[in-house]
Amino acid sequence: MPTESLAAMFESDIAQHRLRPLDVALARFLAERDNAAPAPLLWLGALLSRQLADGHLCLDIDALDALADEQQWPFPWRTLLRRVQEDVGTWRSPLIADAKGQPTAAPLVRDGSRLYLRRYWNHECHVAAAIRERLARPHELPLQLADELQRLFPSNGKNPVEAVHDTAPLHWQKIACALAARSAFSVITGGPGTGKTTTVVRLLGLLQTLHLREHARPLRIRLAAPTGKAAERLSASIVAQLTTLDVDTDARTAIPTQVDTLHRLLGSRPDTRRFRHDRANPLHLDVLVIDEASMIDLEMMSAVLSALPATARLILLGDKDQLSSVEAGAVLGDLCRRAQGGHYDDATAQWLKATTGEDVSPFVTADANALDQQVAMLRHSHRFDAGSGIGRLAAAVNMGDASAVHALLTTATTDVIWEPSATPSHLVDLAIDGRSHAQDDSSDANACGHRHYLEQLRRQRPTDDAGNDAHDAWALDTLRAFNRFQLLCALRRGPYGVEGLNRQIAEALQARGLIEGRLAGVGPGHANEGWYEGRPVMVTRNDYSLGLSNGDVGICLRFPDGEGGARLAVAFPASTTPGARGSTHVRRILPSRLNDVATAYAMTVHKSQGSEFEHTLLALPPDPGPLLTRELLYTGITRARRWFTLAGSEEIIELATRQQTRRYSGLAERLGGC
Ligand SMILES: Nc1ncnc2c1ncn2[C@@H]1O[C@H](COP(=O)(O)OP(=O)(O)OP(=O)(O)O)[C@@H](O)[C@H]1O
C-alpha cells in the first residue's frame, strides 16, 4: 500500500463492511505492480472489485456522484472521488489502459466513462461482437416458412391471440417463431406462462420439418438451462408440448427432450474456469436453445458464444424482469432493454406481415437496431387468467405500481395471502402449517407448508422388504411433496434470513415431532449440521464427481440397508429419462459424500430461480436494504403456481416495488449501435 492513510482507510472500510478483504487485496495487487500509482486509482480498483461482487460489470465514473449518495459514502471516499473526477484523464500508470489506445496488458481498462477489470471488458467486447456477427450473417430462410407458421399458429381462434393494451391484438408467439426462424440469433422473452416453451417447441418442429424435407438428416438440436432444476422443468415441459405438436413423426422424434445444464453442455472441468468446448473445440450442433437465460452471467454467455459453431442458431428464452444472475452481468436484461416497445424497422414489419400476416407497425420506430429485430416479447399469460391474484400482483409489481400492489393485497383473492406483520416465529408456523391461511375450498388442494411432505413421508413409507423400486418411488413422491411448498427469503443472514429461519424451522419441527434426530449446529451451510430423516438440502457447489449441480435439492431419507438395518441416504431426482415427464427415478447418495450442501426449508429468492412451487411464502425483512428490489419481489411472486403468501410490511413492500435493480454494464450500448 503506498500510503499509510490509504491502508488505514481500507482497514476501517473492511471493519464497516464497505469493502471486502478481497477488494483490498486487489488494491494491494495493483499497488505492487505500480508503486507510484495514485491513491485514487488504487481506491477505484477496490471499489470496482466491490461493485463486481454486486453484479456490476464496471464502474461508471460519471455516475459515481449518484453512487456516493445512494451508498452514503464516508468523507474520505468523497475526497478521493473528487480527485478521481479531477485527475482521471491525466493518470499515466501501467495499471490502466484506454480502450481506444494501444493494446496493453494493463489490469484496468477505461472505456469512455466506464472502468473495467480487463477480464470483464474482454468478455463484454466478445459477447457484443459475437452477437453482432450472428445478427449480421445472412441466414438461409426456410422454404415454405409462411405455410408452416400458419399451420402451427393458426389465427382462426384455436390459439388465442395476445392482446396488448390499446393496439390491435397480435399473435406474438407466431411473430417470435418467425423471427427466430430467420436468423442465427434470437431472444424470446415473456413472463410466466406466456408460452415461451410452447413457441420454441413449435419452432423446433417447424425447423425440423423444413430441414428434413430438404436434407437427408435432421438438425442437431441441443437444449440447455443454467441450473439442473431449470433443465428438469424445461424437459418436462417439452415432453408435455410434444404430445400435441402437429408435425410428422420424423420431425417430432428428432426434437430432443433431454436438457443439459450449461456446465454439462460446455463440459466443465474440475479446478478450472475453462470448458472442454470452446472456439478450438466447438459444440456439435445446429441449434442451441437456452431457457431461463436471465440467470446467465456475462462470463458464461461469453463461453457459450465461443463454443458455438459459426453456422449454428442460438435461441435464448427467459423472463427479462426476473432477478439477474448472481455473478456479474445482466445479459438478458441488457438484450431485452427495448423489448417492450418492439423497435422494429420497416423491413422487419413488412417481412412479418408477409410471413405471418401480423401487423407490427405500432411497434416500428425510427431508431431500430439489428438486435431489436430479433427480440420478441410475449405479453399474455396463459397460466394466470385475468382474475388471478398472482398474475395481477406480478404485473403491478413489474410496473412499479405500489398503490395497485397494496390494493391487490388488501382485496380478497383466492390465491394471494398477505401477512403484514409476521415475526420470525410466525414465519416458522406458516412455513410448517401453511394451510391455516389457505383460502381454497377443496380440502385436498389447500396451500400446504412443510408439514405436508414430512407427514406423507411417514404415511407412505414402504415396508423394509418392499424392495428398491418401492423405496425409490416413495423417495420420488417425497421429493414431489416437498416441492409443493417453499419458503423464500430476501436475505441470507439475520432472523428473517435463510440461515436463521432454517435453524428455527428445524427446531420447531423437532419440537412438534415431525423430524427426529440430532440437530447439531443447524445453521450456516455445512455438511456437519447433523443428518436426520426429512432434512432437505440444496447443493451449493457443482460436484462433478457426483454429477450434482449447484441448486439441486435432495431429501435425506432412511432406507433399508439390506442387512436388516437402515441407513440414511440423500435422495435426489435423477436426470430425466428421454421421453418421460419429469424425473422418473432417484439417486441415493450417502451424506458423508456431500461436502457442499445447506438445509433447504428456506432458500433465497436467487436460488429459487428456475423452480416453481404450488405454494410460495416470501419473507421480507422489516428493515430497508439494497436487496429489496422490484425484481426480487417479482421473481418471488412468479415462483408460485397456485398460492402466494407475502410476509412483509406495507412500507417494505412499497419500497421493494419502487426500488429497481440497476447493473452497470456497457453491453446494451455496444449492441445498440449494431
Ligand atoms: N397459444 C396458446 N394457446 C393456449 N394455451 C397456450 C398457448 N401458449 C401456451 N399455452 C399454455 O400455457 C401454459 C404455459 O405455456 P408455456 O409452458 O409454453 O409457457 P412458458 O412461458 O414457457 O412458461 P414458464 O413460465 O414455465 O417458463 C401451457 O400449459 C401451455 O400449453
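Glycine residues also receive a Cβ, built from the backbone N, Cα and C atoms like all the rest.
Summarising the annotation, TrEMBL assigns domain 'RecBCD enzyme subunit RecD N-terminal' to 16-116.
Under the three-state DSSP scheme, Thr197 (ATP binding site) falls in the helix class. If you look up TrEMBL, you'll see Gly190, Gly191, Pro192, Gly193, Thr194, Gly195, Lys196, Thr197 marked as ATP binding site.
Mean pLDDT for the domain 'UvrD-like helicase C-terminal' (600-646) in this predicted model: 92. If you look up TrEMBL, you'll see 600-646 marked as domain 'UvrD-like helicase C-terminal'.
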> Secondary structure at Pro192 (ATP binding site) (DSSP, helix/strand/coil)?
Replying inline: coil
>> Can you name every residue in this chain, apart from Gly190, Gly191, Pro192, Gly193, Thr194, Gly195, Lys196, Thr197, with its Cβ inside 8 Å of the center of the Cβ atoms of the recorded ATP site?
In response: Thr198, Asp319, Leu378, Ser381, His382, Arg383
> Within 10 Å of the Cβ of Thr194 (ATP binding site), how many other Cβ atoms are there?
Replying inline: 24
> Considering the binding-site residues Gly190, Gly191, Pro192, Gly195, which residue's Cβ sits among the greatest number of other Cβ atoms within 10 Å?
Replying inline: Gly190
>> I'd like the number of other C-beta atoms within 10 A of the C-beta of Gly193 (ATP binding site), please.
In response: 19
